[in-house]
Amino acid sequence: MQAATLSGAAVAMGALNACSQQSAQSAPAASAATGESATGHSQQSYPCYGTHQAGIVEPHQNFGIVCAFDLTAQNVSQLSNYFRALTARIEFLTQGGELQDGDKSLPPAGSGILGKVVPPDGLTITVSVGASLFDQRFGLGDKKPKHLQEMRDFPNDKLQAAWCDGDISIQFCAFSPETCQNALRDIIKNTSAFAVPRWSIDGFLPKTEPDTAARNLFGFRDGTANPNISDPQIADSVLWTGVAENSLDEPAWTKNGSYQAIRLIRHFVEFWDRTPLQEQEAIFGRDKYSGAPLGMQHEHDTPNYASDPNGDVVPKDSHMRLANPRDAEFLKRHQLYRRPFDYSRGLAKNGQLDVGLVFICYQANLADGFLFVQNLLNLEPLEEYISPFGGGYFFTLAGVQKGEFLAQNLLS
């Protein structure tokens, strides 16, 4: 085990240096590889360095994978090497470049599923840390984010330990599923000396019209009331820990990070598909097809709950009304930003479809954000049609500048 760990550290340092060289070549390599253009993968890339990690405020890509990892690193030095290797691979994968194979008697440099030249394809890779990272292994207990915790059951949950928590979560988002898969395999391979996968789930975002939220697998639009984080002031007040007013008491290293809540929620769609339309719309509080609040015409119309105190138009126990009461205090303190995917895993053992939602949201304060909102939703009528079984709470690390590595300010 010790020999494997030491060689892994050397690999990590080599990967960081190699990635810097590959990164400098990536743009010309990608454009010069005329054979790769036939794959149809996009050359669009998002910056992998900056104040914040990519994968939160960027436009929501259509495909994603969320994978949680358990660390096998034994000390802070090895943990640093893990984050160095991870940062290096993120740079190469998100910016694109040519795989550098060596001796053919050795494994190839990459999976090859995207060809020899890896296109950026809109890939973002977002790294977060779980509560267990701050146990006794690395001596980081006094640096734990204030609200970071392991996921506990809400009343309707049936959480399975194998599908919950983890030392690390990595969110992969891209324009194609194979780009996400390639990135996941690359990172598993290049960080295997330090971390092993705990659970992983693939997701997709249905296509939708411009300026409309995508539909979930119940057929309703999901995320209509998301805050407009393209406005930097709104993003600062909703997303960024150490910047938002309700998150200024966190450890200094957390500044410009964000709390990530992940919920894996199975949907009982056979039952739902036999439910009357009127009941479906009452459960969500919206017209199924237009997405408008009940009694209104357009998806982005703002409901006036003050004029409907008894819930005669929009039921008081509808998902929309419970999740966002739209009062001044809620809008100031309890907003979160949703970035979900749907999932489909074939058939369950009972012969029913195993489909549902990979709910992902970001907020500056987990207690004021997801935990507060989820408590408002306890015992809602929608619970009859869903069963949360996994996920976790994580803290998304702040971005870094070129030459630095993720979590550097935590580990220094």
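Cβ from N, Cα, C; glycine included.
Annotation source TrEMBL lists protoporphyrin IX binding site at Gly223, Thr224, Ala225, Arg286. Under the DSSP three-state reduction, Ala225 (protoporphyrin IX binding site) is assigned to coil, being neither helix nor strand. Its own atom aside, the Cβ of Ala225 (protoporphyrin IX binding site) has 17 Cβ atoms within 10 angstroms in the protein chains shown.
Residues annotated as heme b binding site in TrEMBL: Gly223, Thr224, Ala225, His319, Asn324, Pro325, Arg326, Arg338. All chains included, 19 other C-beta atoms sit within 10 angstroms of the C-beta of Arg338 (heme b binding site).
Summed and averaged per residue, pLDDT over the domain 'Dyp-type peroxidase N-terminal' (53-204) gives 98. Per TrEMBL, domain 'Dyp-type peroxidase N-terminal' is recorded for 53-204.
If you look up TrEMBL, you'll see 214-400 marked as domain 'Dyp-type peroxidase C-terminal'.
Residue pairs drawn from Gly223, Thr224, Ala225, Arg286, the listed protoporphyrin IX binders, are separated by up to 12 Å at the Cα level. With respect to their backbone Cα atoms, Arg286 (protoporphyrin IX binding site) and Arg338 (heme b binding site) stand 18 Å from each other. The binding-site residues examined here are Arg286, His319, Arg326; by Cβ neighbour count within 10 Å, the least packed of them is Arg326.
The shortest Cα-Cα distance from Asn324 (heme b binding site) to any of the binding-site residues (Gly223, Thr224, Ala225) is found for Ala225.
Secondary structure from DSSP puts Arg326 (heme b binding site) in coil.
For the binding-site residues His319, Pro325, Arg326, Arg338, a Cα to Cα distance of within 10 angstroms from Gly223 (protoporphyrin IX binding site) holds for Arg338.
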